[in-house]
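**Q** Annotations per TrEMBL:
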{"type": "DOMAIN", "residues": "5-69", "note": "domain 'DUF1899'"}
{"type": "REPEAT", "residues": "78-112", "note": "repeat 'WD'"}
{"type": "REPEAT", "residues": "128-170", "note": "repeat 'WD'"}
{"type": "REPEAT", "residues": "176-217", "note": "repeat 'WD'"}
{"type": "REGION", "residues": "414-443", "note": "region 'Disordered'"}
{"type": "COMPBIAS", "residues": "433-443", "note": "compositional bias 'Basic and acidic residues'"}
Amino acid sequence: MSWHPQYRSSKFRHVYGKAANKDKCYDCVPITRNVHDNHFCAVNPSFIAVVTECAGGGAFLVIPIKQTGKLDPHYPKVCGHKGNVLDIKWNPFNDFVIASCSEDATVKIWDIPNQLLKRNITTPKKELLGHARRVGLIEWHPTADNILFSSGYDYKIMIWNLDVKDAVLSKPVKILDAHKDVVLSMSFNTDGSLLATACRDRKIRVIDPRAGTVLQEGSYKSHKVNKVLFLGNMKKLFSTGTSWWNNRQIALWDQNDLSVPLLEEDLDGSSGLLFPIYDSDTHMLYVVGKGDGNIRYYEISPEKPYLNYLMEYRSHSPQKGIGMMPKRGLDVAACEIFRFYKLIPTKSLIEPISMIVPRRSESYQEDIYPLTAAAQPALTAQEWLNGINKGPLLVSLRPGSEVVNSLPQFLEPEPVTKATDLSQQQGGGGRMSLEDKQKPREIEDSRKWLKVEEKLPKNEQMCLSNGFDIFECPPPKTENELLQMYYRQQEEIRRLRELVIQRDVQIKQLELELKNLCTNTGNY
């Protein structure tokens, strides 16, 4: 019998949760008191949206992500629904478009202005009228542009193509009528070709959304499922629910065989729902408890035991809902691999919680930031409806290498040459990737750098240009951009110091050779 060590080697073994300071929280936010089991919060790098209390209909707040502190009690709302708002989701490819669904049986698409809201938004960009009863869930397609899924209490899932020009849509492109009770949860696989659902009839289904066929269906007598989640490309599903004895429970399933779970585990006897959240880049799974302040996190492996418990973030403040920041909005300088926004209605507070990998180095940690999904669609809506599947476009989180909407104006290109051995030892500093050239970085005095580079030999120009792209661009506007620029400048200063030291060594060597030459000629 082989011996298995108790501890596994993992770079995420010491990940810890860090709550933001009070001045970085969002205070005096009237969070909804609705008992519906949803996140009630949606986050992107520009805004945080939260469902709020509103008399005579439903509303939600859209707050700029940098506008922390106390919220003005008269802050404008997005209020066009006639019933309570049950779910909100940002468009993954457009930070200024958000979808909402409500008890009034409608789904609405809203355009959010780039500047601070000055008055209530009451007119949606589009209105989707198809459900006969209230709409409880909405999900954007992960790779196709302008494809939205909605699920209602009429037991139907509707697929909407928002590329059409009509402001009011009453006919979805597809209706999935495979459920006999209310759908509690929806989740896509990585390329959006499959949809997993959890239903109130205790069954988990894997559906081909374009064909409308159920590929797998299953339930287990000792597991009453509430939420289900695709685990990226691992061909596995993760579900949370309750056991026979009403204990909170988690289960892992093979997506091709839902008859028996691969793993089943009771967590505790609390009554609140468990929200599962999966990070496919780091293979970390977070389980957030509603009604308590805990966030458990695990690492997923393709082989047994599949689920490896890492740690638990604990807090005395219970959360009603949770929001998740997309990877492109994280602070990579602080080694932040995930960020939650915790809704605390008892304090009218939204508290950011950062999951951090402890590292001493200030440089970019490439091993904990693999390529992640970009904010650009891989397919058009029509291409996906025609049967094409494509995974998400990937982008590096290294500062300055994001995908941009419009390419900058380049100066004259530099000859790409090899850097000195010293710069290569410091993390490949002499190389500039294609992605690094796609996005201009915030620098001042770029012409001064050009003049310095012109005086240097050609084989050392790349040493100086690593920290900066040579473009004309405005100074940093946000604290995060300023911090990134600061670290790049520190790295550049270090390289320049090393270069000066090399020069001093070369000068001393030349002086010694000159003295030796003089003494030799004097002897003759």
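Just so you know, glycine gets a Cβ as well, placed from its N, Cα and C.
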**Q** Please report, as numbers and ranges, the same-chain residues at least 6 past the borders of the repeat 'WD' (176-217) whose CB is under 8 Å from any CB of it.
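**A** Residues packing against the repeat 'WD' (176-217) from afar: 37, 136-137, 139, 141-144, 147, 149, 151, 153, 155-159, 223-230, 232-233, 237, 239, 241, 253, 255-258, 280, 384-385, 387, 389-392.
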**Q** Same chain only, please: residues at least 6 beyond the ends of the repeat 'WD' (78-112) with a C-beta under 8 Å from a C-beta of the stretch. Say none if there are none.
**A** 32, 34, 36, 38-47, 49, 51, 54, 57-62, 120-129, 131-140, 142, 145-146, 148, 150, 152, 160, 162, 326, 373, 375-377
**Q** Do you know the DSSP helix, strand and coil residue counts for the repeat 'WD' (128-170)?
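**A** Taking each residue of the repeat 'WD' (128-170) in turn, the totals are 0 helix, 22 strand, 21 coil.
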**Q** Over the span of the domain 'DUF1899' (5-69), how high is the average pLDDT in this prediction?
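**A** Its mean pLDDT is 89.
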**Q** Mind checking how the domain 'DUF1899' (5-69) divides into helix, strand and coil residues in DSSP?
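**A** Tallied per class, the domain 'DUF1899' (5-69) gives 3 helix, 24 strand, 38 coil.
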